[in-house]
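Q: This is the structure I have questions about; it appears just below.
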Amino acid sequence: MSQQGYVAAPPYSQAQPGMGGYQGGFGASPAQPLYGHYGGPPQAFAAPPTGKKLLLLCPMQSPPPPTSSVIQQPFQTSPPPAMGQPQMPPGPQLPHMSPPQSPLASMQMSGPPMSGPPMSGPPMSGHPMSGPPMSGPPMSGHPMSGHPMSGQPMSGPLMSGQPMSGQPMSGQPMAGPPMSGPPMAGMGRPFPGPPPSGPGGFQQPGQFGGHMAGPQPGMPGAFPGAPGGLAGPPQKKLDPDSIPSITQVIEDDQVKRGGQVYSTNIRGQVPPLVTTDFTVQDQGNASPRFMRCTTYSLPSTADLAKQCQVPLAAIIKPFANLPKNETPLYVVNHGETGPIRCNRCKAYMCPYMQFIDGGRRYQCGFCNCVNEVPVFFFQHLDHMGRRADFYERPELSLGSYEFVATLDYCKNNKLPNPPAYIFMIDVSYNNIKSGLVKLICDELKTLLENLPRYISAINVGFVTYNKVLHFYNVKSALAQPQMMVVSDTAEMFVPLLDGFLVNYQESKAVIYNLLDQIPDMFAETNESETVFVPVIQAGVEAFKAAECSGKLFIFQSSMPTAEAPGKLKNRDDKKLVNTEKEKTLFQPQKGVYEQLSKECVAQGCCVDLFLFPSQYMDIATMADVPSHTGGSVYKYNNFQVETDGEHFLRDLRKDVQKSIGFDAIMRVRTSTGFRATEFFGAVHMNNTTDVEMAAVDCDKAMTVEFKHDDALSEETGALMQCALLYTTVNGQRRLRVHNLSLNCSSQLSELYKSCETDSLINFFAKSACRAILNQPLKNVREILVNQTAHMLACYRKNCASPSAASQLILPDAMKVFPVYMNSLMKTAPLVGSTELSTDDRAHQRLLLMGMGVEDTQLLLYPRLTPLHNVDVNVEAQPAPVRCSEERLTDSGMFLLENGHSMFLWLGQASPPELIQSIFNLPSLAHLQGHMCALPELDNPLSNKVRSFIDGLIEKRPNSMKLNIVRQKDKPEMLFRQFLVEDKGLHGGASYMDFLCYVHREIRQLLT
Ligand SMILES: [Zn+2]
């Protein structure tokens, strides 16, 4: 756990260059100016980089010759023409999705411009063509490489640009109806009114080549299933390799930046992708593991931000785990004085404070206030104006560090007690019968015994419940645990103080005894009703009495229907799906639940919920408290010990051992000109600036959106400081500070160059998941599509070199953005399908709200990895392929995982040798349906495959259950819904269709 490691760090006052944890080079004179020199020009991009773009050609367009199609002109250096506001009104927007701002400016675009043959593809598959019939040869199944297709009129987009798969694709002239056909309805408005029908709002891409009839008439909306009714000529396939590939982008970044040290000394530098394996060296800006931005060059004015509509946001994961080879955070202790802060804006001492006056005063980088340097902190400046102790003080030279907080930062001016964990087990009939209670009790014995040392000091308590609550006295002096029953759940109280929360090691014998007895005590129970709110209330009361914060682990299998506060009724109603009222399915019941969240946050009581439903549980309501207290919600549908036990136990172990801070409050400060306006996450807000979290663990991330107040200075850039006050698991009050500096530019091209697609999609995912609480899903999806089109149209208009209107030009940094966006709209919460359970949708919505960038990336683009042809003799892990059915082979074996679900898919023609090696069975037909783990066989392939799977389960925040599916078996449907490049199983367009739709929208915007 990272925050523990640095306790033993050498005292800063003694540190010298080359000290302890600083990595090579840090102690020595920096090769380039560090933070004191932020006023200087950004160091990247001294020369205008060569733009890298991707072209998508439309029908009737001859693609540019290979050379010109790929080598784009440099980005303009003069200000791009402004997009006239009249043409670009903001259009219908969610309040929180109002035109975001953000430019990026400093990605290093070293290397040659992307040169590669242009790619062209045949028309898209599966689309009715409303235009003239195509006369080209059917292209399906033919890679485009090397096949001239001259003269074949085709309708459908043609891509040119960088080769996505390495094979040359010669460009073909495509014939098709001119795009200058009848203007679309709503033309001239960036956000044409929503199409009246179809939740998706997707035009069939077949019309892409036809006249642009507009989305209105007969638009089936690609979302709800296939547009079966549309007539058209047989579809032709566009080579899927010709559109931008996420797996390729990931691989390219790994090749380019993988294995390298990423130093954070350059303002506005775009970090490697989250999927890339790199090492971070903190040299004045927070590691991208802690903070990632949607763009690293902010637009200098609000007008520019509005014009491009690229959201300006940071995704902050304050407790992110660091790899072993990176230095844990240093702790600064100024004793009773406490942290040094700006008198005006209260920002903490950091690399952005400029020392002046011979070191006697400093100017705040956030508000420009000039402050006196406290006497104890005084230090002379060297000839460069830098303090002589620059490298000895983390708060002067690092992006991230901690301060020991003083009493002023503690509740009631009292140092906190160490947090406590309370295990609260539903012992109603279902849980006893399924064997779950016994499973939990057995596991807790080993789990608590093997707690990592850093949390072994934590106190623990135990409660069981059904309609009433049972508290246990497990004081070490007792020979037997004592049970106390509270049956009046209306006014919850804790019947014992002494002996309820105890040190595990001291009370181990009594606790063992208790855990042994619990399953037997309730073995004969007939009670099937449970309470829920009183259970949480009991936890809050216990923490209150013990004057501590902590976490409740609640294990529950049914909706609380017993007569008690928070009693719930089944309000599931599939008829609401795709109606104005669908949002009510996601809205929690108010009243007592809302109040309970507030009480939990005030006490620092985090709630983790482990649910084992066999039917609807109203997760929207039950998970409301966890989702406001930094807690996690785990769900095991139709739980069976044999098939789901291990999955659940792995989750529980991971959860208990997570690094975590309690009773936290976070503030994000910014330099003048912009400020944090929206916060998305498992958090609670009492006012507009303080983010309160009962707890925050290493996997929870807050997404913070920024808006302009004023113009930003290109010279000084934009600074942000995230300060998180919290209590460690040992009960120490700390301040964790993360600083990040971004560039500012009046050039939109800088913004687009410095975009971070994975962060952008994290922002959109969270803002959409919040929006569906208040708006019809149809509106939310339309806004997502419109904003996608708008961002890309703005790039095209202002940043791309002139080209034919029929070309889709994507900024290099955003070229796979449409795949993610399309996948987002097909996620359970957003897709609007009656086939999905309301609880599953609500659960995923809440999960998304707390996710960091790695998690949303993986969720929205699952890894599909062929395992039948792995080289067992190489160390390297097998490489994933694109997430589409096209990549599957009948004789193959593929693993698919998205961080929450995992499938091993077996083609129907899997060779018997493969089945023998993996399953020890003679053929696929012998495979049992419900197998959920691979047998341990001692052969190279089995070892390789199992270690690959185990590695993934270990690496992800959640454990995953392995589902084994055979091609064409019924459960295969579950697997197929994760093939996100294909048409959605529950609705939603294929990637290709979506790209074409977006292209059409862009053209409309540009007309
Ligand atoms: Zn200040």
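Every residue number used here counts from 1 along the chain in the order it is shown.
Backbone N, Cα and C atoms are what each Cβ position is placed from, and that goes for glycine too.
What TrEMBL says about a protein is an automatic prediction, not a curated fact.
Remember, it's a predicted structure, so these values are computed and weren't measured experimentally.
Per TrEMBL, compositional bias 'Pro residues' is recorded for 77-102. Positions annotated as compositional bias 'Low complexity' by TrEMBL: 137-151, 213-225. The compositional bias 'Gly residues' feature in TrEMBL is assigned to 199-212. Per TrEMBL, the feature domain 'Zinc finger Sec23/Sec24-type' maps to 339-375. The feature domain 'Sec23/Sec24 trunk' is assigned by TrEMBL to 416-656. Taken from TrEMBL, the feature domain 'Sec23/Sec24 beta-sandwich' covers 661-745. Residues or ranges marked as domain 'Sec23/Sec24 helical' in TrEMBL: 757-856. Per TrEMBL, the feature domain 'Gelsolin-like' maps to 877-949. Look at TrEMBL and you will find 62-239 tagged as region 'Disordered'.
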Q: How about the domain 'Gelsolin-like' (877-949) and the domain 'Zinc finger Sec23/Sec24-type' (339-375): do they have 3 or more C-beta pairs under 8 A, pairs 6 or more apart in sequence?
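A: The answer is no, given that the two segments have fewer than 3 Cβ pairs within the 8 Å cut-off.
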Q: Tally Cβ pairs under 8 Å between the domain 'Sec23/Sec24 helical' (757-856) and each listed stretch (339-375, 416-656, 661-745), then give the stretch with the top tally.
A: 416-656
Q: For the domain 'Zinc finger Sec23/Sec24-type' (339-375), what are the same-chain contacts with Cβ under 8 Å, counting residues 6+ beyond its ends?
A: 34-36, 38, 284, 332, 381, 385-387, 395-399, 403, 405, 669-672, 716, 719, 721, 723, 735, 737, 739, 741
Q: What are the DSSP helix/strand/coil residue counts across the domain 'Gelsolin-like' (877-949)?
A: 24 helix, 11 strand, 38 coil
Q: How many of the residues that make up the domain 'Sec23/Sec24 beta-sandwich' (661-745) does DSSP mark as helix, as strand and as coil?
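A: Breakdown, helix to coil: 0 helix, 56 strand, 29 coil.
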Q: Per DSSP, how many helix, strand and coil residues does the domain 'Zinc finger Sec23/Sec24-type' (339-375) have?
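A: Secondary-structure composition of the domain 'Zinc finger Sec23/Sec24-type' (339-375): 4 helix, 11 strand, 22 coil.
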Q: Please average pLDDT over the domain 'Zinc finger Sec23/Sec24-type' (339-375) for the predicted structure.
A: 97
